[in-house]
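Step one of this worksheet: look at the structure below.
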Amino acid sequence: MRLVVIGVNHKTAPVALRERLALVGDDVNIALAQLQGFSDGSVIVSTCNRTEIYALVPESILSPNTLLASSALSVVESSISLNSSTNISSTIISAHILKIKTWLADFKQLSLDEIDPYLYVHRDMHALTHWLRVAAGLDSMILGEPQILGQIKRAVHLAQDQKALSNQLGWIVDQVFAAAKRVRNETQVGAQAVSLSYAAAKLVTQIFDDLPSRTLLVVAAGEMNRLVAMHIAGLGVGRIIICNRNPERAEALAAELRNPKRQIEVRTLQELPQVLAEADIVSSCSGSMDILIDKTMTLRALKSRRYQPMLMIDLAVPRDIDSTVSRIDDVYLYSVDDLQHVIAGNIEQRRQAAVDAELLVSQLVVEMDRRFQVRQVGKDIQQYRSRTHEQVDKLLQESIAKLQGDNANPEDIMIELTRRLTQNLTHAPSKLMRKAAREGDNELLDFVVSGLQDAHRHH
């Protein structure tokens with residue numbers, strides 16, 4: 001398949017090294033352009049948890065003539081059998097992998113010795129399996145997380161824009177995306193929430209089904225509440241109110257959440273008692289040492305809103321919302337401990353689902369390999385027919401030239417042409433039959449013989 005992957009992730013390298021190896025922004029465009037000089041297509045996936053280079057070893061360096069002439073063999077030719085094309089191909093691919101590693105070290109101004117212990121390498125079907133596991137979220141820090149598939153798609157689009165996605169690599173990418181979709185659809189590996197922000201958003205969908213008509217109140221604009229707000233906004237909530245001590249941070253979050261179909265308002269924390277009555281959903285995570293929403297404030301807000309249900313999510317430690325609020329009818333209060341308990345159960349469910357997902361990945365890789373072999377055989381047949389036509393045309397032109405000479409004997413020329421055509425057409429199968437007989441490969445021998453007999457019967 002000629003596919004190789006070289007990379008680091010959260011399991012193999014510390015964050016300090018991952019930061020130094022990250023390929024982002026203009027670095028990716030430059031890197032893709034440079035990789036094109038010695039690869040038949042490449043895709044770079046770089047996130048906070050991984051940097052990976054997916055590349056195709058050039059077909060030209062794996063051609064039979066190039067294999068034997070390659071300078072890469074000089075390093076290890078004494079330790080391999082030059083009669084083994086498999087060993088030679090493996091050596092060439094290893095040399096190419098080393099070339100990519102060296103390039104990466106140079107590109108990031110690091111030494112190869114510095115990064116090599118942390119790099120992992122996969123090739124051919126192992127590389128395909130790895131790519132599918134990554135796309136399906138099976139190799140993520142958070143098992144089954146869906147964001148990685150979107151990150152890979154963006155990486156592929158960037159490779160397309162930079163003309164770095166060859167036809168074969170594009171075909172492989174399509175297979176990976178289709179297979180990853182099947183893993184997610186046919187298993188439960190990504191079905192349950194395993195982050196606080198995602199779990200909070202899941203609660204919203206369980207209690208409210210008419211989100212465009214609902215209001216979310218975000219109390220404090222820190223990172224955790226930002227994630228919660230982003231998740232709930234993505235579900236289609238119609239109005240968001242942000243209360244924060246720092247108006248600049250509140251405005252920054254409002255800018256992220258702003259949408260023509262969504263109303264966004266920024267209020268001060270002092271206005272919290274007044275705006276609480278307008279909220280169907282409250283998410284609070286302030287870091288304050290004091291209670292921000294007590295039972296009295298909640299009862300007043302509930303009365304003002306005619307006792308319509310309220311969902312309150314308290315992600316703060318210490319708590320922002322008085323725990324006695326949970327005793328009020330029509331108020332659903334969830335603390336960080338409540339969500340952690342839900343997440344713990346969901347993580348275990350994902351682990352169990354991952355067993356099924358890994359089995360499905362193995363099956364899908366076998367299917368992809370078969371499709372690739374069929375695709376490759378079609379290409380090989382086309383090349384074989386093209387070479388055969390070239391040989392026949394060459395012999396025919398030589399014979400025509402001889403026929404135009406003085407004292408040409410057409411009968412002798414035609415006999416010679418027939419003999420040479422026969423030799424050319426029977427050379428490869430004859431060589432294969434002798435090799436099969438010499439190595440005791442009766443299955444291959446029977447296959448070739450029966451194939452030739454079928455060919456004779458049909459002609």
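Residue 1 is the first one shown; counting continues down the chain.
Glycine is treated like the rest: Cβ placed from N, Cα and C.
Residues or ranges marked as active site, nucleophile in Swiss-Prot: C48. What Swiss-Prot lists as substrate binding site is T47, C48, N49, R50, S140, E145, P146, Q147, Q151, and the listing cites sequence analysis. If you look up Swiss-Prot, you'll see A220, A221, G222, E223, M224, N225 marked as NADP(+) binding site, on the strength of sequence analysis. Annotation source Swiss-Prot lists site 'Important for activity' at H130, citing sequence analysis.
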T47 (substrate binding site) to E223 (NADP(+) binding site) - Cα separation in whole Å | 19
Record lists T47, C48, N49, R50, S140, E145, P146, Q147, Q151 as binding substrate; longest Cα-Cα distance in Å?
-> 15
DSSP says P146 (substrate binding site), in three-state terms, is coil
Say you check the Cα of S140 (substrate binding site) against those of the recorded positions C48, G222, E223, M224, N225; which is nearest?
-> C48
Counting only residues 6+ apart in the same chain, whose Cβ is under 8 Å from the Cβ of M224 (NADP(+) binding site)?
-> L196, S197, C285, L315
Whole-number Å distance between the CA of N225 (NADP(+) binding site) and the CA of P146 (substrate binding site)?
-> 20
To test your reading of the substrate site: which residues beyond T47, C48, N49, R50, S140, E145, P146, Q147, Q151, same chain only, put their Cβ within 8 Å of the Cβ centroid of those residues?
-> M141, I142, I148
Using a Cβ-Cβ cut-off under 8 angstroms and a sequence gap of six or more, which residues of the chain neighbour A221 (NADP(+) binding site)?
-> I242, N244, N246, R249, A250, A252, L253
Near-site residues: NADP(+), ref A220, A221, G222, E223, M224, N225, CB cutoff 8 A to centroid | V218, R226, V228, C285, S286
Could you state the whole-number distance in Å separating the C-alpha atoms of E223 (NADP(+) binding site) and N49 (substrate binding site)?
-> 19
Tell me the Cβ contacts of P146 (substrate binding site) under 8 Å, same chain only and six or more apart in sequence, or just say none.
-> G137, R184, G190
Should A221 (NADP(+) binding site) be counted as helix, strand, or coil on the basis of DSSP?
-> coil
Cα distance, A220 (NADP(+) binding site) to Q151 (substrate binding site), nearest Å?
-> 29
